[in-house]
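The following features are taken from Swiss-Prot:
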| type | residues | note |
| --- | --- | --- |
| BINDING | ASP60, ASP438, ASP493 | Mn(2+) 2 binding site |
| COMPBIAS | 123-136 | compositional bias 'Acidic residues' |
| COMPBIAS | 259-309 | compositional bias 'Acidic residues' |
| LIPID | GLY2 | N-myristoyl glycine |
| MOD_RES | ARG22 | omega-N-methylarginine |
| MOD_RES | THR122 | phosphothreonine |
| MOD_RES | LYS380 | N6-acetyllysine |
| REGION | 117-136 | region 'Disordered' |
| REGION | 164-325 | region 'Disordered' |
| REGION | 513-542 | region 'Disordered' |
Amino acid sequence: MGAYLSQPNTVKCSGDGVGAPRLPLPYGFSAMQGWRVSMEDAHNCIPELDNETAMFSVYDGHGGEEVALYCAKYLPDIIKDQKAYKEGKLQKALQDAFLAIDAKLTTEEVIKELAQIAGRPTEDEDDKDKVADEDDVDNEEAALLHEEATMTIEELLTRYGQNCQKVPPHTKSGIGTGDEPGPQGLNGEAGPEDPSRETPSQENGPTAKGHTGFSSNSEHGTEAGQISEPGTATGEAGPSCSSASDKLPRVAKSKFFEDSEDESDEVEEEEDDSEECSEDEDGYSSEEAENEEDEDDTEEAEEDDDEEMMVPGMEGKEEPGSDSGTTAVVALIRGKQLIVANAGDSRCVVSEAGKALDMSYDHKPEDEVELARIKNAGGKVTMDGRVNGGLNLSRAIGDHFYKRNKNLPPQEQMISALPDIKVLTLTDDHEFMVIACDGIWNVMSSQEVVDFIQSKISQRDENGELRLLSSIVEELLDQCLAPDTSGDGTGCDNMTCIIICFKPRNTVELQAESGKRKLEEALSTEGAEDTGNSDKKKAKRD
């Protein structure tokens with residue numbers, strides 16, 4: 001489920017727009033970090049992708065924010081660059097664009113950009129750190145060797161005297177055979193453990209600082225927009241369990257200790273030979289002991305294999321785009337056509353005469369079609385609905401750890417970036433649509449969200465003006481926010497939602513007002529309009 005804050009971050013990134021002149025589409029959006037330690041959602045609100053097309057989208061990142069932000073920044077242009085888009089084939093263009101941006105995430109240039117977004121060190125920086133660490137170790141070893149070279153035998157015996165006593169055979173087992181030996185004695189036997197060489201606990205995965213969104217508030221223009229300011233109370237945490245695992249501990253061994261360890265092993269082998277006779281006399285052979293140890297090792301290895309299967313990130317690359325990814329639901333509006341592409345469990349819903357019409361399909365690993373593809377690619381779905389015990393989605397952009405079957409095309413991998421496409425011809429019955437991440441849909445159904453918005457969209461504020469759409473979204477986010485994190489995680493996720501009206505808001509305003517207007521007000525308004533019209537006619541005749 002990921003880590004949570006002690007108190008939710010309810011700071012919201014919100015905005016409104018009226019659409020482009022040729023395609024008036026009033027919209028409002030809001031995004032909130034909530035209980036999560038970081039914000040991994042992103043979105044696009046682009047009223048004028050081109051002269052006749054608008055684009056609205058939501059990306060729900062996992063394992064970090066980087067892939068979601070990258071998609072928000074580049075996917076609009078990648079869609080427009082597709083050959084099918086230029087030919088007017090929007091469905092094909094969306095499918096090609098999803099696969100194209102997914103493929104770009106494996107290139108070295110994009111991986112570096114993702115690492116910068118995520119705040120992860122690049123390979124070059126890692127190499128520099130390793131070289132610096134090795135230099136420090138070399139300097140320490142040189143100083144130690146120089147010091148010991150100038151010491152007398154008595155001083156050396158004093159320093160390593162505790163290691164010079166012969167250990168009885170029956171108490172020796174296990175000494176000097178550990179994976180992390182301490183300083184070696186003069187006779188080659190292992191000394192006491194050095195606290196500084198204890199195996200460190202597993203480090204957290206790469207941190208990811210949260211942002212409140214990535215949007216375009218411009219009413220005109222085709223760029224994806226700029227990154228919004230981070231909200232307060234942002235946190236840091238490793239990748240969630242759904243897509244990545246903690247890093248394996250790494251312990252550097254100096255050559256000085258390795259050489260000493262080799263000498264210790266030779267001495268121990270000779271002593272082990274002398275111990276075999278005494279063990280045979282007791283009726284318990286070393287061969288039997290070795291067989292038992294082999295069986296134990298086999299059982300431990302099998303347990304380790306199971307653990308690695310449950311945490312796939314341990315074997316995959318720990319780099320952005322491999323252990324992180326994002327859902328994507330993209331809606332294009334051109335004329336009366338609505339085309340929605342979806343990969344993952346974010347969702348687009350249209351209100352049709354007050355009824356919720358799902359324009360996307362949630363992709364879950366346990367679904368029949370998804371399960372068949374996962375198994376065909378060599379994967380499995382665990383009882384809790386996770387692919388190989390990791391990701392609880394079956395389609396996403398990124399997550400290339402799950403896309404390594406070289407015998408299959410990208411769309412047939414365990415996790416596929418190929419979106420489902422739905423098309424709708426808009427009519428007067430279609431009032432608005434909602435695009436949101438699963439932070440909303442896990443709490444409320446499609447119909448519940450439509451009903452909630454329907455009850456608010458005609459409300460007026462204290463000045464008699466229709467409510468801003470963003471204020472309705474903000475209220476929806478607060479409605480979905482869990483009071484605490486004691487439950488199953490419902491209401492504790494990041495939340496991003498966009499409302500897009502298919503009609504200008506002034507039309508909605510007139511419809512809402514007509515039911516409340518008094519007869520006298522209506523007559524006076526009509527009289528004023530007639531006077532204005534007659535004046536215009538006189539002016540024309542003059």
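The backbone N, Cα and C atoms fix where each Cβ goes, and this holds for glycine too.
Sequence features annotated in Swiss-Prot and their locations in the structure.
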{"residue": "ARG22", "record": "omega-N-methylarginine", "DSSP class": "coil"}
{"residue": "ASP60", "record": "Mn(2+) 2 binding site", "DSSP class": "strand"}
{"residue": "LYS380", "record": "N6-acetyllysine", "DSSP class": "coil"}
{"residue": "ASP438", "record": "Mn(2+) 2 binding site", "DSSP class": "helix"}
{"residue": "ASP493", "record": "Mn(2+) 2 binding site", "DSSP class": "coil"}
All-chain count of other Cβ atoms within 10 Å of the residue listed as 'omega-N-methylarginine': 11
Distance from LYS380 (N6-acetyllysine) back to ASP60 (Mn(2+) 2 binding site), taken between C-alpha atoms, in Å: 24
From recorded positions ARG22, ASP438, ASP493, the one whose Cα lies nearest LYS380 (N6-acetyllysine): ASP438
Those recorded positions listed as LYS380, ASP493, and which of them has the most Cβ atoms within 10 Å of its own Cβ: ASP493
Binding-site residues (ASP60, ASP438), the one with most neighbouring Cβ atoms at 10 Å: ASP60
Length of the line joining the Cα atoms of the residue listed as 'omega-N-methylarginine' and ASP493 (Mn(2+) 2 binding site), in Å: 37
Other same-chain residues whose Cβ falls within 8 Å of the Cβ centroid of ASP60, ASP438, ASP493, the recorded Mn(2+) 2 site, in sequence order: ASP41, THR327, ASP345, SER346, CYS437, GLY439, ILE440, TRP441, ASN442, ASN494, MET495
